[in-house]
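Since the structure comes first, as structure tokens, the remarks are kept for the end.
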């Protein structure tokens, strides 16, 4: 058996299936397209679901891919086992209603036995217990002995997700030899006690459709979906025990060892840390390359978790400063040949990682300060267990790993309520699941899938109206033969000039007419190859088979075309001004406005926005020709066309070229010359998520309307201030300065009043164990004023515990403060204010030195303050 490298195996697999008539597709982005059920692509099949369900037409009925994937459910086991990883590559061959078991099984055997040359006497297969067809093919056609074909139950060898397409599967195993076994007499396929038999290729035969009653119906055109883990087959081919010893991954592992000056294999704990970093940095690199940025939600949170976990393990190796960004060089060196995009984006990836590492270092320092407060509180209370909720807050808010919290607490003889921590963690998982709408619509049959193979020919690139035939009518989610005036309908035509919503561009509106019939079309969408014209029958009767004329609203189409070409100019200008790391992550192209979302790690400055706007307008005034061509996908990319990572492309693509300035793959409608755009005006720039920015802009007459509105506002402001336009800003600045001066005067007076009031309150203080205790209500003070008064009292009394209350907008306000020596004697204002606020039907808390809170019941303030004195007395006498 030849020791093939990962890159060699990947290429051999893809080339083999190309020789069997498969179209090789590049790996899809880790960001799922139009699939809310997935946070990240986690299998080779995941990005191909629309093809399996008929929602979209595949570029070929036979496809082969090597798909990069991310899975994190077992993240805590990564580094501790031989095979667990969050990032992996999945080799696959797929058939969309073309070939089936008779081809898939022999081809799989041919590849493993003849191309990879695995020893056939060490290969085993499993099949679904009722799949006699698969048994016959393995036994009679392939020639595998019956004793090496293992029948297994539904749990192991039948693939299904709820309702929809499903079917049996067959898995191929490699026997690593008796020395890897557990030695038990019944050791075999599926043994839980050893890793002797390794499954490396799963062939799924999607031949049934499961209905809601649990019945299985044979699909007229069954599919093939296979998946082989590249790292796993590489480990087998290279005769190594873990994926971290495989050639490509080992290169990254050794780079980390050298960086940390730690020899791998000498220290079990350090080896775990090296493996964790080796795994995580691969996923981190590809996630950022695919446009994901660290955040506190969704896939951004997954990325942040991987980054911080890897950084934490670096700390355990003595790498205290930012280092992960350096490891990207090794990832690019080892994976760049297969994924050239990470070579292009290397500098951007490193910049994002370094920024996040530096931010994490800051939050770790903040977390340490808060943890020390928790330790002081526990010692003051004589407790030795930290609440799980507090440990979780350190993890969730400050990215503080649980093991680091444990380690620091142990030094003070304190442990963590781990059950409480797990409860908080589970609550967060529940919140995350509920916030992400489960959407299995890709697997569900909709009304349009019942219409068979009818399709619509789109002619809207060439004409604004066309004759057509009505193929289907849908009303109230039911297929009908006809509709009449007043009915809301969805109509499918055989030919249409209506652009269907896609690529961010809104669908066309217009009318469908025949002699006495008029349908007002408000929108057009696409399901598979069917264009759905959504609207209302204004007059007459429309029936299936009718000959009609479809006309779009030309003025709206031209508006959308202006805005779509403008987004291409904007995309290019953003890259020129901000950097090549900018990638489009979403857009809206309407007839009256445009919106463009893009990856960038900070707000765009006013100066940068000005440059971007000027650059776009320069290209408009240069009157650049806009040319649309159809090209081969690979050729278009070689010529420099920009492809969006969230889109799927077929072999033939539509290329929109704006002279020599911009070239993008795009299916939208465009102007023929940039001069038709007229003018481009940015109206806003904002954040839409971590690392994602949004620009909204106007073109043409809409931009002129906007500028006129701004001029009217400026005129009104000028008139109000009694100043000329050029003097407006300085006049406002003078007014602002005057206002600040008055506010300072007011604050000074408040401080003087507080100082006078403090003398009165000091007279009311009681002394407990040498500490002056004050609990008093003052009227018309907000929270900040209460804190100021509390600081004055602390300064004057030197040794004090102060609880102050006031009211604001129908709620009670409480502030508690204690001097350092009072805290050392046992005073804990966090506990005092928490109980005080609860009496006033509210919530509060904080640190031992300072706490605050509110209450809903103002009438309970007196009772709450009396209770506060009791609590402080108890703390001091404890």
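For all residues, glycine too, the Cβ spot is worked out from N, Cα and C.
According to Swiss-Prot, the Zn(2+) binding site annotation covers 564, 568, 666, 670, on the basis of sequence analysis. According to DSSP, residue 666 (Zn(2+) binding site) sits in a coil region rather than a helix or strand. Sequence-distant neighbours of residue 666 (Zn(2+) binding site): residues of the same chain at least 6 apart with a C-beta under 8 Å from its C-beta are 503, 564, 568, 654, 655, 656.
The 10 Å shell around the Cβ of residue 670 (Zn(2+) binding site) contains 25 further Cβ atoms across the protein chains shown. In the shown protein chains, 24 other C-beta atoms lie within 10 A of the C-beta of residue 564 (Zn(2+) binding site). Same-chain neighbours of the Zn(2+) site beyond 564, 568, 666, 670, judged by a C-beta within 8 angstroms of the site's C-beta center, are, in sequence order, 561, 565, 567, 589, 626, 656, 664, 668, 669. Cβ neighbour count for residue 568 (Zn(2+) binding site) (all protein chains, 10 Å cutoff from its Cβ): 26. DSSP gives residue 568 (Zn(2+) binding site) a helix state.
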